[in-house]
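*Asks:* A single structure is presented below for examination.
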C-alpha cells in the first residue's frame, strides 16, 4: 500500500516538475519581451529625433511634423522609464519565485528520492547477505556482524523514507503557493505600471493628443481630396483615343516641329559586336548645348556621345529598320546610327540635330534663327509659277557683258513652260559627286593621278597654261538631275526648286565642297584636299546658266552630255557658292565670249585689250585681289541652302 501510494506521489512530482519548467519558460519570455520593449522604446525615441536630420527632397509641412515628433520622443522616453521599472518588478516578483520553487523544492524532492533509492538498495543487499548465513556451521561472530549491518540499513532506509515522504507531502502545499505567487507579482506590476502611466499622461496628454488627432484628420481630408482629383485625372487620361498609346499612329500627317534647338527622348543605338553582327540598345538621349548626351538606366547623369557642331545628319537604310538616321562628323567619318520610334520623332531629331550643328544655339535668339533657317527650306517647295513671277520684275541672271560698250545684253528667253515640259515627273536626283574608284587607287599608289575623263595630268596643266581665263570659286554641290529642255533659264529655277525640296523633305543636309575652276575651255570641280579633278565639263556643252535672284548664292547650269549610243542628254547641276552666283555666271559668259572671239583673231585681240590681266599676262582678272580674297570664306561657314 505504501509503495503504491508512493508511486502516485512520485508521478505527481514528475508532472509538477515538467509543468514548472514550461511555466518558467513562458514567464521568462514575458520578461524578455518587457526587456525588449525597453530597448525598442529607447530606439524609437532616437528615431523620432532623427527625422529632422533626414533632409527630405520634398519637405512640405515638415516643421509641424518635426515639432510633433520631438514631443512624442519625450513621451516615449518617459514611457521607457515605466517599462524599465515594470521589467525589474517582473524579474523580482514573477520570475524569481518560480525559479526558487524549481531549484529548492523540486530539486529537494528529487535529491531525497535518490537517497531513498540508495538506502533501499543497501537494505536489499544486507538482507541478501543475512539470508545466506549457513545453518549447520553457525558462526556467532559473523552472524552478529551481519545482523548489525541489516539493522543499520533498515534504520537508514527508514530515516530516508520519512524525509522523502515529508517532502512529498509538503510539495502538495508548496506547489499551490508557487503557482499563485508569480502571477500575483505579474498582476501587481502591470497594475502599478498602468497607474503610473495614467497619473503621468492622463491630464497633460489629452490636449496634445486632441490637437494631433485634428491635424491627422486634416491631412487625411487633403489626401482624400487629392485622391479624388487623381481619380478624375486618371479617368480623363484613360478615356483618350487609343492612338495615344499606339506608336507612329499619325504616320500619314504627323505634326512636326522643325524649329527645335534641343530635343530629348528614347532612341535605339546601333552597336557593333563583331565584324558583321550588331545589337540595338534602347537608351535615353538628350541635347545639351552643342552636344548629344546619353543617360543609361540607373545612371545619375548623362554622358557625352557626340559633338554636334558642324556635324551632318541624314536618313539611312539600316538592317531593314524604319526611321534610322546617321550622324557624320565634320571630317566625313560616319558616326553613330540611331533609330527613332515614330516618323514624328525621326523628323524632329534630324531637324534638331541639323539646327544644333549649325551652332544656332549660340545666337542671341536661337528660336528665331531656327525658324528662319527652316523657312529657307520651305521656300524650296514654292511652285514654279512663283519663280516666274519673281523673275518677271528682275533682269535675267544669264547675261553676257559686252566689253566694248559696257552694256548688259540678255540672252533671248523662251516663254514660261510647264514644269513637266522642263523636267520629267519622277526624275531621280543625285545629291553627291562620287569620285571614281580608279582615282582612289591612284592616290593610294602614290603615282601620278589621272583624270577620270581620260586626260593626263600634264595635259590638264597644259590646258591651264593655254587658257586665257582661270577663275576659282568655292562651291558646295546640292544635286543634279536630268532635264528635258534648255530653252529658258526656268529649267534651272525648277531644278533648284526640286533639289532643295527633296533635300528638305528627306532631311539631307550634307554637301560636298569643291573648288569650281572656270576657264576659257571648261568647268572643273576640284577636290580641295587632294586637288584631284572630280569631274569636268566642256564650256561649249554648257547651254544654260543662271543664279537665283533671292538667294544669290545659288547657281545652276545645264550641260549637254553624250550617251553611249551617240545620243545626247541634258542635266542640270545646282551649287551653292561662297560668293554671289552672278559672279560665276559672269565668269562662264566671259569664257564663252573668249571661245567665240578665238574664232576671229581681231575680235580676240580687241577683247584682250579691254580686259585687265595678271602680272604675267596669262590670265584675266575678274575683280580686285582684295575682293577675291573676301569671297572665299571658311569651310565651316553656315549654308543658306
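A Cβ is built for glycine as well, from the same backbone N, Cα and C atoms used for every other residue.
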*Asks:* According to TrEMBL, region 'Disordered' applies to one of these ranges: 374-396, 397-419, 420-442, 443-465. Which one is it?
*Replies:* 443-465
*Asks:* When secondary structure is assigned with DSSP, how many helix, strand and coil residues does the domain 'PID' (473-588) contain?
*Replies:* 28 helix, 55 strand, 33 coil
*Asks:* List the helix, strand and coil residue totals of the domain 'PH' (260-358) as derived from DSSP.
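*Replies:* Counts, helix then strand then coil: 15 helix, 47 strand, 37 coil.
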